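J.: Below is the structure I would like to discuss, written out as structure tokens.
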Amino acid sequence: MQAVNIIRWIDGPVLVGDSPGSKPPSERLQDTMAVSDPPVEAAGEASATRSGFWALTLGSIGVVFGDIGTSPLYAFREAVSHAAQQGTVTPVIVLGVLSLILWSLFIVVTAKYVLLLLRADNNGEGGTLSLMALGQRALGRQSLLLLALGVVGASMFIGDSMITPAISVLSAVEGLKLAAPEFGNYVVPLTLLILVMLFAVQSRGTASVASAFAPVMALWFVAIAVLGALHIHEDPSVLLAVNPWYAIHFLLNHGLIGLVIMGLVFLSVTGGEALYADLGHFGRKPIQAAWFCLVLPALLLNYFGQGALILAHPDAIENPFYRLAPAPMILPLVILATAATVIASQAVITGAYSLIRQAVQLGLLPRFEVRYTSETHAGQIYLPRVNILLLIGVLLLVLLFRTSSGLASAYGIAVSTTMVADGIMGFVVVWKLWNWRAATAAALVVPLVVVDIMFFSANLLKLLDGAWVPLLFGLIMVVLIWTWRRGAAILIKKTRRTEVPLLDLIKSLEKRPPHIVKGTAVFLTSDPNFVPTALLHNLKHNKVLHEHNVILTIETAQTPRVDPSERVRMENISEKFSTVSLRFGFMESPNVPKALVIARKLGWQFDIMATSFFVSRRSLKASAQSGMPVWQDRLFIAMSRSANDAINYFQIPTGRVVEVGTQVII
């Protein structure tokens with residue numbers, strides 16, 4: 001096995017290189033679709049039947065496209081209304097904004113994500129952290145630049161996961177003001193109620209309603225397509241916006257305002273990053289089919305329909321999306337829009353859970369408590385602390401901005417940051433992993449990254465108008481990850497000074513053996529070359545040694561999943577000592593007892609009822625010479641104390657565990 005530099009956890013796993021011979025497990029259908037997991041090849045298309053392929057395609061419509069699919073509620077309105085602030089709505093403004101939206105969807109979403117990055121799968125999986133791990137593997141070493149890009153991109157996704165539910169649900173509920181103006185004062189309270197209910201049901205899982213996600217979202221896309229198509233005839237000149245010159249002309253003639261409008265046009269592509277993040281759930285071809293066959297045409301028809309409506313009726317700028325519908329249909333459309341935004345929010349929340357779990361597995365964050373909400377789908381998880389923090393953030397955003405127009409100013413900066421990070425890491429993959437010439441890779445990827453940077457710059461102009469909020473959330477995540485990694489590295493360095501090499505201890509015990517007791521003792525450690533703290537304390541205080549002693553290390557590979565045949569590595573180092581290494585992918589939940597069943601098949605006579613697991617629990621105290629500022633020392637210690645203990649995280653039976661407490665000064 002070719003290893004890369006390692007990242008160690010406190011009493012936890014190690015990040016290791018993947019085995020060249022490892023094989024990806026079968027692809028699984030998105031967990032939120034309440035159907036069984038079909039076996040599919042890598043990204044899930046080759047072995048799927050035609051019906052299975054279209055089931056995956058329909059499933060992706062219900063999960064992948066919720067965010068970008070609800071953008072017509074506010075994106076076009078915000079861009080045109082800001083462009084027309086100095087006067088009336090003109091054809092130049094409408095055609096310019098429409099052209100910008102159309103070509104943004106073509107370049108950012110279609111070219112970059114649908115056609116390029118969906119091919120950059122990490123054993124079938126996608127997402128910012130998966131792309132980071134893929135880039136590290138392509139380079140064959142740890143890269144601080146890639147690590148920084150992955151951390152920043154993932155952190156900004158968390159910031160975005162707070163604002164997406166807020167703006168989506170709020171923009172949907174605002175339709176009530178058209179259906180029944182007297183309900184205008186109840187928009188914010190109703191939005192808060194819906195969001196609280198959404199987060200409250202997370203602990204129960206979504207399996208019972210997940211099967212309805214795809215049909216509802218499919219109905220949503222059909223509805224917005226029909227509504228848009230019915231109005232294009234009011235001013236067919238909007239079709240001229242297909243010509244990119246209208247976008248270029250608009251930017252050239254509007255100066256700084258044009259750049260501000262670009263930041264609002266970007267709202268039409270937010271959610272594009274979800275296409276890559278959900279690659280592992282559905283596969284490349286089903287996502288591409290859903291995009292080209294339904295989602296993209298529906299979005300374009302709706303945006304062009306809004307444009308034609310505004311040219312024919314300039315007063316419709318107040319809420320052009322809902323004005324597309326006849327008066328009797330506004331209330332049903334509000335209900336459908338609310339359902340669509342709740343589904344979009346659910347997908348973002350689930351994505352945040354998954355991303356946090358990946359970060360924990362990669363050693364970027366402390367262990368969070370993970371609860372499983374489904375007996376049949378391992379991907380349906382619930383993180384209580386993360387759920388509470390997300391809910392607080394979402395409610396604060398609604399109370400702070402109170403309208404979707406206000407939130408629109410805050411939206412985009414986090415997503416654009418993630419997209420820039422994805423683009424740069426994508427270049428590394430195209431260049432190093434796909435073995436393209438640097439010039440060819442640059443010719444393909446650099447123009448896409450330049451567009452991302454333009455959108456990022458445009459969103460920076462909204463910093464004082466509210467964009468600082470998601471940026472602040474993202475920066476807090478960056479600080480937490482930086483503190484955890486830095487503190488863990490310092491802790492490992494300090495504890496290494498006092499650790500005893502395992503082979504030296506074994507030789508010493510052979511010369512002067514202690515009292516031997518029956519049974520097997522398993523000692524968890526992050527480095528099998530040194531004596532676990534729990535073993536030293538057992539010898540020091542209990543003065544006994546078990547018949548069989550297993551030094552157990554849990555490692556996290558740079559691949560999403562590890563094939564069961566690659567799960568366990570065993571080595572006998574003496575008559576009484578052996579080492580066992582368990583490898584898990586960064587998208588898997590470590591289950592030690594299940595993994596040890598594989599060890600039994602390899603010849604280890606393992607009886608869990610005659611086995612004791614020894615785990616050390618460290619109590620940290622700060623020192624003036626830690627190498628970190630005092631505030632960071634305290635933050636690291638607080639994060640360490642809040643971490644879920646190894647017993648629960650690795651699903652070890654509590655009745656077979658012996659905990660040994662130690663105090664460490666960092």
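Placement of Cβ uses the backbone N, Cα and C atoms for every residue, glycine included.
Pasting the relevant annotations from Swiss-Prot:
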type     : residues : note
TRANSMEM : 53-73    : transmembrane segment
TRANSMEM : 89-109   : transmembrane segment
TRANSMEM : 144-164  : transmembrane segment
TRANSMEM : 181-201  : transmembrane segment
TRANSMEM : 212-232  : transmembrane segment
TRANSMEM : 247-267  : transmembrane segment
TRANSMEM : 291-311  : transmembrane segment
TRANSMEM : 324-344  : transmembrane segment
TRANSMEM : 381-401  : transmembrane segment
TRANSMEM : 411-431  : transmembrane segment
TRANSMEM : 441-461  : transmembrane segment
TRANSMEM : 463-483  : transmembrane segment
J.: Based on Cβ pairs under 8 Å, which of the stretches 53-73, 291-311, 324-344, 381-401 lies most in contact with the transmembrane segment (89-109)?
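T.: It is 291-311, which has the most Cβ pairs under 8 Å.
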J.: Do the transmembrane segment (291-311) and the transmembrane segment (381-401) come close, with at least three CB pairs under 8 A (pairs 6 or more apart in sequence)?
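T.: No, since the transmembrane segment (291-311) and the transmembrane segment (381-401) share fewer than 3 Cβ pairs closer than 8 Å, they do not count as touching.
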J.: Find the member of 144-164, 212-232, 411-431, 441-461 that has more C-beta pairs under 8 Å to the transmembrane segment (324-344) than any other listed stretch.
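T.: Looking only at 144-164, 212-232, 411-431, 441-461, the most contacts with the transmembrane segment (324-344) come from 212-232.
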J.: For the transmembrane segment (381-401), which stretch among 181-201, 212-232, 247-267, 411-431, 463-483 has the most Cβ pairs under 8 A?
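T.: Per the Cβ count, the answer is 181-201.
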J.: For the transmembrane segment (247-267), find every same-chain residue at least 6 residues outside the stretch whose CB is under 8 Å from a CB in it, and list them.
T.: 71, 74-75, 78-79, 82-83, 92-93, 95-97, 99-104, 241, 408, 411-412, 415-416, 454-455, 457-459, 461-462
J.: Hey, which bits of the same chain come close to the transmembrane segment (53-73), Cβ under 8 Å, at least six residues off its ends?
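T.: Contacts with the transmembrane segment (53-73): 29-30, 32-33, 35, 38, 40, 44-45, 109, 164, 168, 171-172, 210, 213-218, 220-221, 224, 267-272, 274-275, 278, 281-283, 285-287, 289-291, 293-295, 298-299, 302-303, 306, 321, 337, 340-341, 343-348, 404.
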